[in-house]
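According to Swiss-Prot, the features are:
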SIGNAL    1-26  signal peptide
TOPO_DOM  27-398  topological domain 'Lumenal'
TOPO_DOM  420-431  topological domain 'Cytoplasmic'
TOPO_DOM  453-458  topological domain 'Lumenal'
TOPO_DOM  480-523  topological domain 'Cytoplasmic'
TOPO_DOM  545-553  topological domain 'Lumenal'
TOPO_DOM  575-602  topological domain 'Cytoplasmic'
TOPO_DOM  624-635  topological domain 'Lumenal'
TOPO_DOM  657-758  topological domain 'Cytoplasmic'
TRANSMEM  399-419  transmembrane segment
TRANSMEM  432-452  transmembrane segment
TRANSMEM  459-479  transmembrane segment
TRANSMEM  524-544  transmembrane segment
TRANSMEM  554-574  transmembrane segment
TRANSMEM  603-623  transmembrane segment
TRANSMEM  636-656  transmembrane segment
ZN_FING   699-752  zinc finger
Amino acid sequence: MEIDGNTLVFIIVILFLFFSSPGGDGVSSQYEFNQLQRLKQQFRTEHNTFVNMTYTDSFRNITGLKLSYQDMLNNPLQNATYPLPGKDYDRWFPNQNYMVLPNDVIEAINTEVWNTSNDDASNLFPPNITSTLLGKIDLVSNNKYEKIRMPVPRFYEPATDFSEDIPPEGETYWSEWPSYGELHNVSFQHGEIAIQISHMSNLQDNNNYLRRNFINKKNDRWKLLNLQIDFSDKAEKEKHSIYSKAVYDIQRGRILSISQSSKFHSLFALPHYMSFQNDYNEKIFNDVKELVDEFWNFTDYTDVMTMKDVQDAYNNANFKCEYLIFLQLEPWNQYTRDQIKLIDDELNWPLGRPANLSSLPPINVVSGLLYSPDCGVRLGLHNVKGTRYELKIMSIRKHLLFGIALFAAQIYLLLTQMHHTNTPSMVNKISFYCFSMINLVDGSLATLYFVAASVVPELYLPLVISAFSCFILASIFEIRYLISIYASQVNEQNVGIINLLRGNTGTYDENRPRPAFIPDEGSIGGSLYGRFFFMLIIFTFLILSSTSWPRQLRMVFEYILIFILNSYWIPQIFRNAVKGIPSRRERARSSIGGNRSQNKMPLLWSFVIGTTIIRSLPVVYVFTYSSNVFRHHKDVHFVVFLSLWLLFQISILYSQDVLGSRWFLPKHTIPDGYSYFKPLSNEYISEHGGGTAEHTVDCAICMSDVPIYIEEIPETHKVDQHSYMVTPCNHVFHTSCLENWMNYKLQCPVCRSPLPPL
């Protein structure tokens, strides 16, 4: 087999990209290798200092902890060097002389957040607090406290030249923060906060992707947590995020979390900052120190570091404030220890235990405080609570199962609608854009379900089933229906909306010669599938990107989009007006004595009502139920407005069914379509010949005589003009014969010219 030059170049490029990609640690140059080694060495040195530290020792050469709050009061321009002249490193007290917190913040933590009432041994707190907590956050002060100088080591800086191999020495002090909005300050007075709590019980090795269960020696007393904290003003114009590790004191319900970056190695500060009280300080210090050391050894902390850790730490140091977070949980004194254990076992492994999960109280933060030592910002929390993660997963699973039932109902309704319009003439009356809008929503839902299945492993099975059901509905049934609609209307593509809406007192000229175009459903299907997937990708990316927009812009986009996507009956109303469907009384009159099934309304009322209800239920749930799983705000007024809008569309469809599809338009606004029922002239008989009887012609389908109405011959005026049909190509057939023929083909049986639908 010969390989041309282009193929060879392509193979070489692919092999180059494959073999030149960074390894498991992300290092792609000697400079980055030295950066990573410097970072690992720095952490190893500081860990050795941490291991030798006792409760009575102060912090020594640990990044971000070299200066106390009192040091900054003494000299606001003090550099973070070690050792500081005259500073005693062999003593430790929980005050501003040794901590990065001012005394009034320490006092607030001791009296308002971690008060002594929580030391009562009778208090019981849940050992598992995995959840998402939502609440309010208030600014206490952003200009009262002195800012502690926290330099960033220069070896974190990216290389400025490809020839560089050695990262620079020294540290960088930011005299003025980069002007990137409000990243280094909090300017709003009141806002909203979301705290995602997860236990560090299942850790993953960054190199070999092995997961191992991390269980510390005092697992019943202490827990290591991962915290993701996001807070912003109500309009979401100013957003802040914190990703940090935390220590959870199960006996006292206290949580301490400290952010970490290249300017603040907070992991080594957890033991000292957890021991605030006068009683058991040293014991708490030793327990937390042992917990941190176990985590360090279990994860091979420095060995698994990658260049991503270097870049993330550097970006966090440049663009974010460091925060210390102190939280106090509400006790669950209504339960015993055995009951709490039973609840945890049932949530982790549901077996039907008598745990009464429906009355399980939320994880409630009764008091909380956030303080930033390098930005001098103090924040307070209130009304922060949330349900257990397992309960939330159970609730979402029920919602997904209900959604699957809705998809099944929608598939059933669509199949009945397809059976109702099982002829080309009936399909021709369906609006292509009506079902395109419905199809776009269903296809996007399928894509979002597939994305969510990879993000939430606990819901993988119901999400995949939902995605599969929605994908079948969108890509098989709805696309197949759209292909039939498009194929039946392909000969109308030259008839634009402007032409249809122009004023015309005449009849639309169906007699002009047109090419006999036979639609190929294979090519139409390929075109529609390509368009479907393209629109699906664009629309899905638009929806996902909108979640990160400011709230006001996001709400405007959301409301407009929902309104447009719930206007799916408008194209069908327009299509009905274009096709000129007669009123119900006229349809009943014309059906007497003949097969006039083609005059039926194109949409079944069961399909219209059922589809409207099915597609309205999710919107009603999200906008009216304040505890919805999407954490969406409540807006009953919008639901009422949307319901009235849908009711208006259905009312117009019903009025078209009763009064005729053009009742609201002036006469002759839209040209009349071709009429198959018309008298013939004497010239027609002379040109096309007659049948075996006088004043008749032969029906090419049944080969029988067709009596016809001839204008010039009065004795033929007794013939019912609806008993025969005249095609645009001037061929005459029995009405029943041609209607049955047009159930399968919209082509003349004689000359194969395209026929306008009934």
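Every residue, even glycine, has its Cβ placed from backbone N, Cα and C.
DSSP assignment over the topological domain 'Cytoplasmic' (420-431) gives 5 helix, 0 strand, 7 coil. Non-local neighbours of the transmembrane segment (524-544) in the same chain are 439-440, 443-444, 447-448, 451, 474-475, 479, 482-483, 486-487, 490; each lies 6+ residues outside the stretch with a CB under 8 Å from one of its CB atoms.
Counting Cβ pairs under 8 Å to the transmembrane segment (432-452), the top-ranked stretch among 399-419, 554-574, 603-623, 636-656 is 554-574. On the 0 to 100 pLDDT scale, the topological domain 'Cytoplasmic' (657-758) averages 76 in the predicted structure.
Between the transmembrane segment (636-656) and the listed ranges 399-419, 554-574, 603-623, the one holding the most Cβ pairs under 8 Å is 554-574. Residues in the zinc finger (699-752) partition by DSSP class (helix H, G, I; strand E, B; coil) as 16 helix, 11 strand, 27 coil.
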